[in-house]
């Protein structure tokens, strides 16, 4: 990763060479560009200083073969916008083929389509539930085996001395298991690292993230998350469930697997971005639902964090998928736990039921809850800032797969060592009651009939630790134990998030919050003599909500998830208050964790609204120009040359028509996509061939759907010299009614139209319907509100 720098040139539309910001480093923060208005030649068009593409150094690009082993998605700093991400087409291409197909379809045909949508959603829910069940059982069995071996070893060496051997065994076991998980992620599918929520958020926003919904990604994700949790890292298995659900949805809804080269010839109508994205949002919701046993929370998560486009029927179908997912998981887990048919244990993480007498809260406790929310916001902001700097460090220095695996092993070994040290030096002994809930009680240096309470927190899967902090009797934990645990686990979780392993941040956040929340409850009880403070479990729940809200900044869905997971509505109001406070306090300092990671990957993400002070910018200043246009009847050679031009690599081409017998410039008559042109070239849909071949089969929409989503590159299509001279008629295949805006449209209006309709290209036309520019996602995502007003991000060819 030698020196990645390149000259950045600022110029107006007329290619006049403006001042060049020399040697702007891609990874270090660079000066913010000034928004300059310059008149360009040939007309009084005002233009913002535009930024030409930043290229990586030649020696890096020429050395591509040696980079093949590395993850291609090496992200950059948040001052950049990557040009490698394409948009999804959420807008239907209304060409003549589409309109004919719609016209031919009967009422029964539409009803069958609607039924198949429900069937697909049911299948998504069922398969996501099964995957959750598999992950849960695998983690239970493997973690149980690991902790049993280590516990027996510790008990053996406590008596005879030599506990360092136990520590070594624990650290080696952890590192070995984590190594397996890290190798498959770093070497086989780097996109499967982390929780996958930022990637799915981007996908639902309309960004085509490479390889994010592939079958291979799902396999690596599932195996990776089992290894991470069993390997004792400070992670949860809930985040990856959301990614897994999304991959399942993307696969099932297409009725085929491009990875396995199998086509089942079903659901062919759904082979386009519009339908696929709706199903992916259902898959994400089914993942949340399986993870937390919260179907309503799943729907709200998809609404709040994911889907940019929503309607009533979609909500209903997503809820159906979520319900099926929870039911499937419940049903199979009940069989696993030897009480088939008992469906009272929803979700991978089950916080257990809070008894109604212990959950009472008074009016004077509300300010305390709000204060805890503020603490959660502060700690969450600290977590995010630390993780941000750590991620920047990883981007620069830990980008080789072997280094990533070594770092993951190091974290696993350190986690085991820290846990062991804390347990070893803790003298917090608690009596083992007859109804003790500890899965692996460690006696160590405690008296007979007692166990080490620090071990309950560390020597366990994180889910069990959360449950014990919520429900153990008052007095089960020493304040010093909780304080030390919070401190160490906070830094361990922060270090772990962003490793090359599949892992979620939900459970570690809840665990940190539950620990300091319970600590608050104990301290309040010791300060005052009110009996109402007696239950620290209540404060553990509020602390958990505050910490998670402070890190990921979700409000609506998180409230419902917490209420559904604890099975108690009493806490709806306090949890909501705490989450709102945590979000407000946290947002004052830094963004949520997922947004930070999206920015670090330089994704052109479009938020709900355009930047607040952008009304003075117009479409003319924002658009890309000049635009490569095609004639309605175009020469094949011209089309092949246009598509083969690697310097532009455009994906949408306005189609223009020349008014016959006049010198007027060509007028806009439609828009055609690169993918459509490639299919037309592949099938050789030329005017001359159509005339000569009477039996030539007419191209149908099915041909375009069969090529979706991996359209062949232009290099793989052979066009002979004679064929280059042929003509191609685009009338039938172009979208004859593309969305257009006048040049003077303000940026917020362009943004609203683009974002609400899920467009990929928006044509800017003048008064006489001539094409003057094209607005794409990157043109809009470049502008954001920074500390110094409206700022423009740089574009990087990565």
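Count begins at 1; order follows the chain as displayed.
Just so you know, glycine gets a Cβ as well, placed from its N, Cα and C.
As recorded in TrEMBL, the features of this protein are as follows:
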- 1-12: compositional bias 'Polar residues' (COMPBIAS)
- 27-41: compositional bias 'Polar residues' (COMPBIAS)
- 734-792: domain 'CBS' (DOMAIN)
- 1-44: region 'Disordered' (REGION)
- 118-139: transmembrane segment (TRANSMEM)
- 167-188: transmembrane segment (TRANSMEM)
- 218-236: transmembrane segment (TRANSMEM)
- 279-302: transmembrane segment (TRANSMEM)
- 314-336: transmembrane segment (TRANSMEM)
- 366-390: transmembrane segment (TRANSMEM)
- 402-425: transmembrane segment (TRANSMEM)
- 480-500: transmembrane segment (TRANSMEM)
- 506-527: transmembrane segment (TRANSMEM)
- 539-563: transmembrane segment (TRANSMEM)
- 569-590: transmembrane segment (TRANSMEM)
Can you name the far-off residues of the same chain, 6+ from the ends of the transmembrane segment (569-590), with a Cβ under 8 Å from a Cβ of it?
354, 356, 359-361, 365-366, 369-370, 372-374, 376-378, 380-381, 384-385, 388, 541-542, 545-547, 549-551, 553-555, 558-559, 562-563, 596
Within the domain 'CBS' (734-792), how many residues are helix, strand or coil going by DSSP?
16 helix, 22 strand, 21 coil
Dominant neighbour of the transmembrane segment (118-139) in 218-236, 314-336, 366-390, by Cβ pairs under 8 Å:
314-336
Determine whether the transmembrane segment (218-236) and the transmembrane segment (279-302) share at least three Cβ pairs under 8 Å, counting only pairs 6 or more apart in sequence.
no
Long-range neighbours of the transmembrane segment (539-563), counting only residues six or more past its ends (CB under 8 A)
288, 292, 294, 296-297, 300-301, 303-305, 351, 354, 369, 372-373, 375-381, 383-384, 466, 469-470, 505-506, 509-518, 520-521, 524, 569, 571-572, 574-576, 578-583, 585-587, 591-595
Maximum Cβ pairs under 8 Å to the transmembrane segment (402-425) - stretch from the list 279-302, 314-336, 366-390, 480-500:
480-500
Top Cβ-contact partner of the transmembrane segment (366-390) among 279-302, 314-336, 506-527 (pairs under 8 Å):
506-527
Among 167-188, 314-336, 506-527, the most Cβ pairs under 8 Å with the transmembrane segment (279-302) come from 314-336
Model confidence for the domain 'CBS' (734-792), as mean pLDDT, reads 89
